[in-house]
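Colleague: Have a look at the structure that comes next, please.
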């Protein structure tokens with residue numbers, strides 16, 4: 001084939017003129033040059049068929065025996081070898097059309113093959129999605145990334161990131177990169193520390209989030225900031241949390257109120273779901289639920305609203321009850337909660353034993369329940385309740401024959417969480433639609449909480465949030481009654497992000513910290529640079545930072561965060577492919593004035 005001028009799309013060079021997955025019936029008769037990996041190779045009755053794969057898909061090559069030199073060359077190929085091939089596009093016969101491939105109506109009859117790189121035997125097959133240990137997958141991640149599903153996840157992530165950028169820049173957001181080397185903050189998760197060669201004995205830290213920088217950008221007069229921000233936290237892995245590093249869609253705006261931010265975020269998620277996913281949003285605008293309400297109704301501040309169960313408060317029904325377990329938990333600060341499972345009252349004893357076991361795992365002393373059977377109510381607490389209490393329960397909860405009601409009693413927060421855990425436990429009884437995205441905002445978080453261990457008032461979440469009512473609330477309200485402009489966005493039981501309207505006034509900040517037991521000197525020592533900035537004209541501002549990794553997980557139906565990250569660490573925070581973390585040389589340590597002293601058990 002004659003050499004064509006080089007083009008920006010990577011075609012018309014010596015390797016390819018076309019992409020494998022974009023050849024179709026319209027390509028019939030064309031002379032093409034394609035390149036990629038040998039997905040499969042088969043010898044069928046003297047014909048060699050090669051499935052050639054590039055990032056667009058797969059195309060079938062046919063090597064005829066009369067093309068003797070190329071036939072012999074094809075016989076030497078291994079799976080995952082890299083080749084380029086020239087040939088003519090022909091239509092397949094009707095009986096050999098492969099409808100699963102975009103190029104399934106055609107094949108390329110090969111005139112020549114060039115081996116660019118022959119592959120050694122593989123540690124696991126790429127073409128077949130057979131189960132492979134995670135250790136092997138991570139060690140050979142470059143092979144694992146060739147597998148179709150993982151490959152598509154990474155491409156999807158790229159497209160999603162591009163869509164986020166376009167959505168936000170169209171709304172006049174400015175993308176600004178913040179420092180990766182910054183100062184350490186002992187609050188929150190552990191920092192990753194970076195020793196300074198130029199300043200012996202001192203350390204930088206990788207940012208846990210660009211929080212302070214993005215607020216300083218508001219002070220600097222940038223009205224709308226965003227960044228696809230890398231964040232670093234030295235914390236243990238979970239299925240939805242990668243150890244060490246993760247990415248967030250970091251957003252901050254000045255001169256806004258809480259509702260302004262909600263409108264922009266809801267619009268962004270709606271745009272992403274409608275344009276990049278087959279999933280559907282259950283309710284738009286997203287429902288807003290106060291922290292107190294969400295704990296009372298769902299027992300969690302990250303509820304899965306698809307679960308058709310709701311916790312109900314029945315405390316007042318047992319104020320004068322003869323059943324002391326309930327009656328003793330009717331005073332302020334305690335409660336009696338109930339949850340009805342409709343039509344589940346005739347389950348086996350094993351069902352209730354397993355439920356009680358789960359309740360104990362959640363911290364309960366047991367699990368009280370009543371089955372409403374044809375022959376009358378049954379269960380371990382029936383004998384302790386009066387007929388009037390039973391009737392009041394049935395009326396309050398809408399109970400009919402065939403239902404079962406579960407109870408929890410104790411301190412309000414603990415009881416809510418136990419009942420919320422049981423709600424999640426019973427979720428498996430219901431066919432939840434994985435294509436339904438049930439977003440919600442959790443709002444009106446308490447500003448302060450009582451720290452039982454230290455016997456003092458402490459911040460409940462973000463100490464830099466603006467209290468609702470501002471200075472007046474701090475000066476006139478009981479601390480535990482003060483609410484903050486803090487909010488979480490949740491989808492299907494997964495917290496995507498926390499955010500807040502920030503406290504931009506030093507006087508309010510000093511007062512809030514004073515309530516939590518900090519002196520002005522302590523606040524200045526820890527956060528002096530922020531307060532100094534706020535003293536020079538800080539606008540009202542607020543923000544949020546949805547997790548990019550978790551968002552991709554939800555939209556791609558993945559249960560493990562490592563399935564949406566190109567090069568993740570394992571559960572032990574190790575990169576098996578790059579052998580990190582690793583030892584360094586004595587000279588490197590000497591330059592940094594560092595000496596290693598391992599714990600006794602590791603020596």
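Including glycine, each Cβ sits where the backbone N, Cα and C put it.
Pulled these from Swiss-Prot:
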| type | residues | note |
| --- | --- | --- |
| SITE | 44 | site 'Important for tRNA non-discrimination' |
| BINDING | 187, 233, 461, 502 | L-aspartate binding site |
| REGION | 211-214 | region 'Aspartate' |
| BINDING | 233, 234, 235, 495, 547, 548, 549, 550 | ATP binding site |
Colleague: Taking the Cβ of residue 502 (L-aspartate binding site) as reference, which residues of that chain separated by at least 6 in sequence fall under 8 Å from it?
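Modeller: Counting only residues 6 or more apart in sequence, the Cβ neighbours of residue 502 (L-aspartate binding site) under 8 Å are 215, 464, 465, 466, 540, 541, 542, 543.
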Colleague: Residue 234 (ATP binding site) to residue 44 (site 'Important for tRNA non-discrimination'): how many Å between their Cα atoms?
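Modeller: Just about 54 Å between their Cα atoms.
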Colleague: Tell me, which recorded positions from 44, 233, 461 are within 10 Å of residue 550 (ATP binding site) if we use the C-alpha atoms?
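Modeller: Near residue 550 (ATP binding site) by Cα: none of them.
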Colleague: Tell me the Cα distance separating residue 44 (site 'Important for tRNA non-discrimination') from residue 233 (L-aspartate binding site), rounded to the nearest angstrom.
Modeller: 54
Colleague: Considering each pair of residues in 233, 234, 235, 495, 547, 548, 549, 550, all listed as binding ATP, report the largest CA to CA distance in Å, no decimals.
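Modeller: Across 233, 234, 235, 495, 547, 548, 549, 550, the widest Cα separation comes out at 20 Å.
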Colleague: Of 44, 233, 461, 550, which of the recorded positions has the most Cβ neighbours inside 10 Å?
Modeller: 550
Colleague: Among the binding-site residues 234, 235, 495, 549, point out the residue whose Cβ has the most other Cβ atoms within 10 Å, with all shown protein chains included in the count.
Modeller: 549
Colleague: Looking at the region 'Aspartate' (211-214) alone, can you tell me the average pLDDT?
Modeller: 95
Colleague: What is the number of residues in the region 'Aspartate' (211-214) that are helix, strand and coil, as DSSP sees it?
Modeller: 4 helix, 0 strand, 0 coil
Colleague: Just the number: how many Å between the Cα atoms of residue 495 (ATP binding site) and residue 44 (site 'Important for tRNA non-discrimination')?
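Modeller: Rounded to the nearest whole number, the Cα-Cα distance is 53 Å.
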Colleague: Only counting partners 6 or more residues apart, tell me which same-chain residues put their Cβ under 8 Å from the Cβ of residue 548 (ATP binding site).
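Modeller: In sequence order, the residues whose Cβ lies under 8 Å from that of residue 548 (ATP binding site) (at least 6 apart) are 157, 160, 161, 164, 228, 246, 247, 248, 249.
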Colleague: Expressed to the nearest Å, what is the distance separating residue 547 (ATP binding site) and residue 461 (L-aspartate binding site) at their Cα atoms?
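Modeller: Per the Cα atoms, residue 547 (ATP binding site) and residue 461 (L-aspartate binding site) stand 18 Å apart.
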